[in-house]
């Protein structure tokens, strides 16, 4: 960078902008404690020891200090500030002059304006954009010309991926013993990784996806191998769990015993949520897995020891896994507390809340949906009929397990939740998180009698943050749905138009599509898709196509001029007339297609 430019900037910071400049006028309207005052004081301090003859290393350090001191204020584009602070991205202070600058800047009467490059890649603004008298032109967002017509790419990609998972078919060579149907469920597909079954208590389990024959709904089937007891006595308990329909609980649909696997298997039917993973899979390494948490007294010499090595082990896990943001922890805490509130309010207990039983759907933490999985399984497998008299005790255990789950996430270590490590873990957690989240975990892990509703005032106004995020996400989804709804409407028009244009023969008339109303629709097709520029290049304008189709669908009275390709035929018609031609021609095709009488050529 030119050292004289730094000196010029230093003089500007010492003397301030010219009084007649728009920047000075804008700054006068700011409060005395505005970020600009701290900007000038910081920059003055950074440049106080700057010398023109200093070495390139010192010069680079001064430039770095200048970049780091730029706050994100109203008249500085945020994406430019982020590029200045990004050592790996393009920068206006980069040594490599061939590196592209992310924004074009121009000084007008003392005010610097920032603009993105135009579509040709140059850094020159388009049009007369410096005529705004406000003194501040916000940096416009750069969007695709068709971004308002289609759903967002990431949303579309997620939905397509989930749909693909829902439609996957099993490999008969890999699973030769897989039954075709299980009672009223068909299209059975194993969900266990590599076909390996897991364990719940002393029972082996497997998980499948299947389609319910009566409704076509995709369901998740949890199979308990070799279950030899009856479930008749658990009918009231099963019905109570089936009534719980909550956003953060995987709903239980049915429970029955089947012999489809050539044994007596107990089947739990749940709602199916594709592309989900457990909290442990998402946030912890696979080598830390052991029934949800590590055993501190394991005979494995590689297992972390719970005493002298505990703090170092937890810190090592934090460093390798990375800390979760506090917003993510609050998001998880609010969702899980909401689910426990409904469960406890129904007179039930979860009995065994751990990282493996909580599913996560969504790839962004702020939008991640948690769902408690495998409800009611523990109640039946333990076979403890006296449990109804101990619901209060089990609910207290749920709260303790909830506290351990949050502590494990905060420390990013599974050994943090063992009894001998709790004090150390809470102390380490307090270094990175606020006292509010620490107080909630302490309350959940305390020995006093607790109640899930007592967490509500401890969470406080953070409920509103999550509510706002959920509502904004809902609004965004509705907006994306409206785009696809409009696309579906226009797609139906194109289907009708494509069924008529260039049809080689209809009712033994090979010229049917070239005469009468169909010829007018052919010229309209050329007007819609085949226009060219003055120099003969194809003219591609999505807005023209969408606007024209909308007018056609509404039957607008606006008129358009249609030309034949040899320019010997010119028609001036309205969209209303074109719509009538389209509907009449398509109805003619549809009536013949639905008729049982087939016209055959002689």
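Numbers run from 1 along the shown chain.
Yeah, the Cβs are placed from backbone N, Cα and C, and that goes for glycine too.
TrEMBL does not curate its annotations; it predicts them automatically.
Annotated ATP binding site per TrEMBL: 222, in sequence order. What TrEMBL records for 461-499 is coiled coil. As annotated by TrEMBL, domain 'Pan3 C-terminal knob' applies to 452-588. Taken from TrEMBL, the feature region 'Knob domain' applies to 500-602.
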Three-state composition of the region 'Knob domain' (500-602), taking helix and strand from DSSP: 50 helix, 14 strand, 39 coil
Neighbour count (Cβ, 10 Å) for residue 222 (ATP binding site): 22
Confidence summary (mean pLDDT) of the domain 'Pan3 C-terminal knob' (452-588): 90
